[in-house]
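Undergrad: Got a structure for you, questions after.
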Amino acid sequence: MRRDRLLVAIALVTLLAADIHFILLPRLRSWYHLPRFSCSCTNSSLENGAAATVPWTTSQNITAVSTERGSKLERLFRHRLYNIRLPELGPEERLLDEDELVNYCKRKVSRWERLKKFYIEAAAASNITIPDHPVTFDPEASWLQFHLGINRYALYSRDDGSIDRLLRDMQTAPVISADFTQDEKALKGACDCSQVVKPSGLHLKLALKLQDFGKAMFKPMRQERHEETPENFFYFVDFQRHNAEIAAFHLDRVLDFRRVPPVAGRFINVTGEILYITHNEELRSVFFTSPANNTCFFAKCLYVCKSEYAVCGHPDLLEGSMSAYLPGLSIAPRISIPNPWIRAYSFTGREEWEVNPLYCDNVKKRYPYNSGNRLLNIIDMAIFDFLTGNMDRHHYEIFTKFGDDGFLLHLDNARGFGRHSHDEMSILAPLTQCCMIKRSTLFRLKLLARSEYRLSDVMRESLSRDPLTPVLTEDHLQALDRRLGQVLRTVGTCVKKLGETQVVITDFVESSRVTTSHPGASNR
C-alpha cells in the first residue's frame, strides 16, 4: 500500500513538473518577451520615441501566440492603437455644415422630382413606361451621416455607426435610377482605339441612385476571383475588378487609414434595376440579349471599339461593387494632383523615379512635399497600394477645405488584387527611396504581423461580412501577409542605414503654409 502511495505521489509530482515546464514557463516567457508599445493611447504618445521597443522584423512578432479566443477583428479594433483620441473637432475641421448640406440635398431632391415628372410624361408620349419610384429623403439617412462625418483626419471615425448602416443600404436599398458616370458622359461616346491608355469610359461603371437619394458607383464583375492578371499585361490595360474595390475598403479600415469610401458587394438585376428605370436613352441603347438569352450591356465607347467587352447578367443578375459617392464638388470641392511617383503610361517610356535612386531628394524640395505631412501620406498610400498590388495610382485627390495637410483620398482601387503570385516592389518606391514612415502606420503594420492579429485572418473575417463572400481567394489573403513582411523588412533596412529617428516620423508635422492645425494630432 505504501509503495502504491509513493508511486501515485511520484506521478503527481511528475505531472506538475511537466505542466510547469511545458505550459506555464513558455507562457511566462512569451509574455515577458512580448513587444511592448509604450504609447499610452494619446496623440502625444506617438511622438515620444515609442517605436524603440518594437522589434523591426516580423519573425519576433509572430512568436507571441494569443490564447484568447473569439474574433480577431474585434480584438484588433479594441487595441489601444485603434483607440487614439483625436482633438475635439471644430467647424473648420469638419468638411460640411449640417444645415447647409441638408438644404443642398433638399434642393437636389426637388430638382430630381421635377425632372422625373417631365421625363415620365415624355416617355408616356412615346409609349414607354417608366416606373415611378418615390424618393424618401431622410436627414438621418446613412449616406448623409457619412458625408457629415468627414473631417480633416479621415472619411469617417472609428466608431461611426452610420458606416455599417451605409454598407447595408447599398446592399439592399431599392435602386430608383441608373446613369453613366460623369467621366463617361464627358467622353460623349468618343473613343480613340489607337490610344495606348484608354479613357475611363473603357471600364464600364454606372451611377445608381437609391430610394433614400443616396448614390453609389456600380462596377460590374469582369473577372473571376481565381483568375490572375496575365503576366504580359501592362498595368494600364488591366481589368478593373469589383472585388478589388470591396477588398480595398476593408483593408483600408483594417489599416485604420479610413481614406477609402465605403464599398459593398451586391447582385443587381440589370433589367429591373438598370434598363427599366434609367432616364438616359443612350444607356438604354447599349442593352441587348445574348445568344445565351442573358441580358447584356456595354459602355458607349466600347461599342465603337470592341463590343465583346459587354457584361451580362445570368440571365439578369449581375454581381458588382457599390461604392458610396463623396459629397458633390459644388459643396465639397476636391482637387486631383499627379502622383510624384506616376508611372509612364506607354509601352517603352520610363519616369525619372524609375532610373534615379535619389529621386526622393528632389521631391522633398518641391511644394507641397517640402513641409507638412503630404510626403508621409504619399508613403502611406504606396504601402496600401503595394499590399493590394495596385500599380495604377497616377493621381490622388484631396479636399480643398483642409489645405496642404489634409489626408489623401484612396479612390479607384479596382486594379488591385490582380496577381497574388507576384509582389511588385516598384510600388514601394516612395518608401524605399525616401526611407520615411509614420510612427502610427509602422505600429499598426507590426501589430498586423503578429499571429493574434494576423492581417490575412482579420481581412478574411472582415470580408466574410460582405454578401459576395468569398471576396478574395486564399492565395490573395496569404499574399497580404507576405507583402506586409516585405514592407517591414524595407523599413528595417532603412533603420539600419539611417537610424530610427530619421526613418520613423512623428505623425503630425504642421505645414509651414497652414496655421489652423492641431500639433500632436494623428493626420490620417
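Note: Cβ is positioned from N, Cα and C throughout, glycine not excepted.
Here TrEMBL flags Lys219, Ser323, Ala324, Tyr325, Leu326, Glu397, Asp412 as ATP binding site. As annotated by TrEMBL, domain 'FAM20 C-terminal' applies to 287-504. For Asp392, the entry in TrEMBL reads active site. The Mn(2+) binding site feature in TrEMBL is assigned to Asp412.
For each feature listed, report its degree of burial, its nearest neighbours and the pertinent distances within the displayed model.
TA: Asp412 (ATP binding site) has a Cβ environment of 24 other Cβ atoms inside 10 Å.
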Undergrad: Using Cα coordinates, what distance in whole Å links Lys219 (ATP binding site) and Asp392 (active site)?
TA: 17
Undergrad: Over the domain 'FAM20 C-terminal' (287-504), what is the model's average pLDDT?
TA: 92
Undergrad: Ranking the binding-site residues Ala324, Leu326 by other Cβ atoms within 10 Å, which is at the bottom?
TA: Leu326
Undergrad: Which ones are near Asp392 (active site): of the binding-site residues Ser323, Ala324, Tyr325, Leu326, Asp412, which have a Cα within 10 Å?
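TA: Those near Asp392 (active site) - Cα within 10 Å - are Asp412, in sequence order.
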Undergrad: Quick one: give me the count of other CB atoms within 10 A of the CB of Tyr325 (ATP binding site).
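TA: For Tyr325 (ATP binding site), the count of other Cβ atoms within 10 Å is 17.
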